[in-house]
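What follows is one structure encoded as structure tokens, with my remarks underneath.
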């Protein structure tokens, strides 16, 4: 401790005090100037490291809370967009006059589906229908990350597997049908029927725009 001190007490008069003042003598007071030892400074690099670690911990806590706030419900089976049909017999004639046969075979593209990815809980949520890309000749299978992102933001999601081996208007009809089915299942899926959106990538974005 370093510094000066001034003592004022009985029997001593400081300069400027009136000896006839009726004020009782003051208690002894010490005014000291204290010089504290300075703590060692933290290097800037260490300060940045501390901030980085703190930021990572906060982000991890927020991510854990965010993911726990939106839990997925058990996966549902793909929903057929159109009523199932059966193969026509090969010996079925178009008419009695025309000797032709219908050689009908079914492919995976013949049954467009809507695959829902719903969140748990009974509160109605918005739904986003995702249309994969593929140039209308194939369908991309890379929508898992998109669905995961939508679910983490609190949205229901559904992937539309529209027909690509048919010409217009087959894909457009599938997209419209998907919106109709989403509204039809709004109560069962806990979907807000007034908040159904459709989005896509590449050809799927073109389809969603129409």
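Yeah, the Cβs are placed from backbone N, Cα and C, and that goes for glycine too.
Marked as region 'Disordered' by TrEMBL: 1-29. What TrEMBL records for 15-26 is compositional bias 'Basic and acidic residues'. TrEMBL lists 123-208 with the feature domain 'BD-FAE-like'.
Shown for the domain 'BD-FAE-like' (123-208): DSSP residue counts in helix, strand and coil, namely 34 helix, 23 strand, 29 coil. Model confidence over the domain 'BD-FAE-like' (123-208) stands at 93, taken as the mean pLDDT rounded to a whole number.
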